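This report concerns only the one structure given below.
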Amino acid sequence: MMRSHYCGQLNESLDGQEITLCGWVHRRRDHGGVIFLDIRDREGLAQVVFDPDRAETFAKADRVRSEYVVKITGKVRLRPAGAVNPNMASGAIEVLGYELDVLNEAETPPFPLNEYTDVGEETRLRYRFIDLRRPEMAEKLKLRSRITSSIRRYLDDNGFLDVETPILTRATPEGARDYLVPSRTHAGSFFALPQSPQLFKQLLMVAGFDRYYQIAKCFRDEDLRADRQPEFTQIDIETSFLDEKDIMDITETMVRNLFKEVLGVEFGELPHMPLAEAMRRFGSDKPDLRIPLELVDVEDQLKDVEFKVFAGPANDPKCRVTALRVPGGASMPRKQIDDYTKFVGIYGAKGLAYIKVNERAAGVDGLQSPIVKNIPLDNINVILDRVGAVDGDIVFFGADKAKIVSEALGALRIKLGHDLNLLTCEWAPLWVVDFPMFEENDDGSLTAMHHPFTSPKCTPEDLEANPAAALSRAYDMVLNGTELGGGSIRIHDKAMQQTVFRVLGISEDEQQEKFGFLLDALKYGAPPHGGLAFGLDRLVMLMTGASSIREVIAFPKTQSAACVMTQAPGVVDAKSLRELHIRLREQAKAE
């Protein structure tokens, strides 16, 4: 091997030993005839000193520049008193350089690596191979590796088998657009890249592999956000002969073990919260329990008021009127309230009513708001009591369709929590349970809330008679307002699976065309089974404190689903298109 140690491994115990380092020149300094090189590798930094006594080596050190690749042999020694660098893991020692070999020179990088600089993300992605040299980026990928190793160890120790499933498969309706791959040997036909290994892992259960896992690549052609990529990694788990409680216990223990092993963080037992409660109290199916603010329904106090903005929704069963108390918010300036009004508008809210509670004992005179003159004081007092308002608070109101109010005030709750530094703890995990089987589209049709293979809590007859009332055997693990993973008990009975397909409007012909292989499998002794999948990228993002999953993926795509480094996607030559039986239509020319 060319090196004897990594830079980050050097410490006082190696004092007096000869070692060899390989890495990049992170920083070069010349002080009073002595040259200092900070050498960097994936494990950290080490300071190497060259003095003029070794003239040939000193001359080489004088010629090297930042990002040269070097091999250095020297002796470890303790730094002089007062020269210890507490910001470096190896800051108590340095290496007196004897030999220096330049393994490769380097041009000046497009951005500096040895200090924080405000470099645009596109530039960083264009030169990702340089961006990843930065210690903070290397630390994220190293932590990602520790996370996957911990998960694999836990699952292996608990009897799970790591089984690969196909990447080239066929399109199935899973909620997002598929990435399609044309077949050269089957003209006019296409493979689809998997959005998840869902059906294959269920088939593995039918085959008798009762504990399966896979660190799986998945693909979705969807609009991108901070927590989305066209290709992403999933910790995929499936089991047979276990119920919801068993699966949740196994995966919860896995996550608790992971956080303790990797971050030294210990969780207690995760609370369980029904979806209806999460939406009612927090306006979200993935509530952030670190924020001590809650939505409180107040329709009953506003049904008969003259203020139609409140009275209309208060009397409509499809609407919601909700209050959100912010402690100490009465001092909030009007501009800040206006900014929050614009913010909730993003979610469809038409406005943001409020009451500033200056002095409750003074009655209406102690309340500051354009709306108090339209609501009887007795009703206002009931509302203020219900939300727990005291002098110095502000209470915001939302009144509209239930979905709009929940989304708008739920998002406002999160924003207020961060803007006003209200977070009460660093980590707040929970399980969200009791999801509906279906959700209604604007046209009145139904779609599966999770996917069409989720088992309901009722019989096929009850499901078909009243599908909107059916609850599923699904569960999501949520951490700090982010969905870490979701899963369910699956349907293992053919009649139940066909009932779900019928409720979703999938004809028998379409069932056979798209899911015939699954329906066939369910005829041959499918066991009760269920599972869960965690988003690895999201998990690493949370554990590293990164602002985007792009920060924890080695070579991510941009928000327009492109790779600026390789220039993918790219144009394909005419010969390749002919072999794939594809002809491109000419784009209309802009006038």
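Glycine residues also receive a Cβ, built from the backbone N, Cα and C atoms like all the rest.
Feature annotation from Swiss-Prot assigns site 'Important for tRNA non-discrimination' to His31 (among others). Packing around His31 (site 'Important for tRNA non-discrimination') is summarised by its Cβ count: 8 other Cβ atoms lie within 10 angstroms of its Cβ, all protein chains included.
According to DSSP, Gly82 (site 'Important for tRNA non-discrimination') sits in a coil region rather than a helix or strand. According to Swiss-Prot, the site 'Important for tRNA non-discrimination' annotation covers Gly82 (among others).
Taken from Swiss-Prot, the feature L-aspartate binding site applies to Glu174, Arg220, His450, Arg490. The number of other CB atoms found within 10 A of the CB of His450 (L-aspartate binding site), across every protein chain shown, is 21.
Per Swiss-Prot, region 'Aspartate' is recorded for 198-201, and the stated evidence type is sequence analysis. Mean model confidence of the region 'Aspartate' (198-201) amounts to 95 (pLDDT, 0 to 100 scale).
Swiss-Prot lists Arg220, Asp221, Glu222, Gln229, Glu483, Gly535, Leu536, Asp537, Arg538 with the feature ATP binding site, giving sequence analysis as the kind of evidence. Its Cβ placed at the centre, Glu222 (ATP binding site) has 14 other Cβ atoms within 10 Å.
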* Just name the winner among Gly82, Glu483 (the recorded positions) by count of other CB atoms within 10 A of its CB. => Glu483
* Asked: Near the region 'Aspartate' (198-201), which residues from the same chain, at least 6 beyond its ends, have a CB less than 8 A from one of its CBs?
  -> 165-166, 169, 172, 174, 212, 214, 236, 238, 451, 453, 515, 517-518, 531
* Report, in whole Å, the straight Cα-to-Cα distance of Arg538 (ATP binding site) from Gly82 (site 'Important for tRNA non-discrimination'). => 43
* Asked: For Arg220 (L-aspartate binding site), what residues in its own chain, 6 or more apart in sequence, show a Cβ-Cβ distance under 8 Å?
  -> Ala176, Arg177, Asp178, Tyr179, Gln195, Arg228, Pro230, Phe232
* **Secondary structure at Glu483 (ATP binding site), reduced by DSSP to three states** => strand
* For Arg490 (L-aspartate binding site) and Leu536 (ATP binding site), determine the Cα separation and express it in whole Å. => 22
* Asked: Tell me, how many other CB atoms lie within 10 A of the CB of Arg538 (ATP binding site), whichever protein chain they belong to?
  -> 21
